[in-house]
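Have a look at the structure below, then the notes.
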Amino acid sequence: MAELLLGVNIDHIATLRNARGTAYPDPVQAAFIAEQAGADGITVHLREDRRHITDRDVRILRQTLDTRMNLEMAVTEEMLAIAVETKPHFCCLVPEKRQEVTTEGGQDVAGQRDKMRDACKRLADAGIQVSLFIDADEEQIKAAAEVGAPFIEIHTGCYADAKTDAEQAQELARIAKAATFAASLGLKVNAGHGLTYHNVKAIAAIPEMHELNIGHAIIGRAVMTGLKDAVAEMKRLMLEARG
């Protein structure tokens, strides 16, 4: 059974910051708190439109993290150049559409083997470990192994979005089968997308799982669990000002 790690995605700390164009909340501070709480790594997605994480965030995080940095990115010349310069510990190559709210599916590795092979080699030559974000599909898993990626990250969105227990069980079985197949090819298996406090345990129980990358659910829970203290502190400061 693989050691199970947690990668915390802090993109939506940056989303909240950018909504008002302020310097807070700071993703770097959030990363530090996550590490102190037990995160094994920090994940950020530098999108082409820079809708949340910025180039500056990436540079500072790379310099300050105590754990590992996982940079999610599209396979473009701009992003590859940034990765080679920044040298995160990991790069997860994801498909990207400007109009999407969040990543909608896995990378089509089988349909673009040469492009993915070149990207994997370029990143590996820079000392970066590569993961390919793919659906739980044997053809894509075989292609990932063929292009030289040591890791895959299985897209768990269909599992997370399942409308019925039967549908969710079917998706879980598909993910578990894919994880076993990937491990048989020598790939290390990560997973992520849509995982929450209610659905994570079944995925975590899959023996081949190495790391789960979770962000939105954790940030959403943090807002609720921290709201009481935040309101109380503001009220205390106001009353102190009146003596």
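Heads up, the Cβ atoms here are built off N, Cα and C, so glycines get one too.
According to Swiss-Prot:
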type	residues	note
ACT_SITE	H45	active site, proton acceptor
ACT_SITE	E72	active site, proton acceptor
ACT_SITE	H193	active site, proton donor
BINDING	N9, R20, G194, G215, H216	3-amino-2-oxopropyl phosphate binding site
BINDING	D11, H12, R47, H52, T102	1-deoxy-D-xylulose 5-phosphate binding site
SITE	E153	site 'Transition state stabilizer'
* Structure fact -> Least Cβ-packed of the recorded positions R20, H45, H52, H216 (other Cβ atoms within 10 Å) is R20
* Between the Cα atoms of H216 (3-amino-2-oxopropyl phosphate binding site) and D11 (1-deoxy-D-xylulose 5-phosphate binding site), find the distance and write it as a whole number of Å. => 8
* **recorded positions compared (D11, E72, E153) - highest count of Cβ atoms within 10 Å** => E153
* Asked: CA-CA, which of the recorded positions H45, E72, E153 lies nearest H12 (1-deoxy-D-xylulose 5-phosphate binding site)?
  -> H45
* Asked: Once near-sequence residues are set aside, which residues in the chain of N9 (3-amino-2-oxopropyl phosphate binding site), 6 or more away, have Cβ atoms under 8 Å from its Cβ?
  -> I42, T43, V44, H45, G192, N213, I214, G215, H216, I218
* To do: Could you tell me which of these binding-site residues, G194, G215, has the fewest other Cβ atoms within 10 Å of its Cβ?
  => G194
* Could you check which of the recorded positions (R20, E72, E153, G194) sits closest to D11 (1-deoxy-D-xylulose 5-phosphate binding site), going Cα to Cα? => E72
* To do: Compare the C-alpha of E153 (site 'Transition state stabilizer') with the C-alpha of each of the recorded positions R20, R47, H52, E72, G194, and give the closest one.
  => E72
* Candidates R47, H52, E72 (recorded positions) - the one closest to G194 (3-amino-2-oxopropyl phosphate binding site) by CA -> E72
* If one measures from the C-alpha of R20 (3-amino-2-oxopropyl phosphate binding site) to the C-alpha of H52 (1-deoxy-D-xylulose 5-phosphate binding site), what distance in angstrom results, rounded to a whole number? -> 12
* By a simple count, how many Cβ atoms lie within 10 Å of the Cβ of H12 (1-deoxy-D-xylulose 5-phosphate binding site), its own Cβ left out? -> 21
* Quick one: of R47, H193, which of the recorded positions has the smallest count of other CB atoms within 10 A? => R47
* To do: Would you identify the secondary structure of H45 (active site, proton acceptor) according to DSSP, in three states?
  => strand
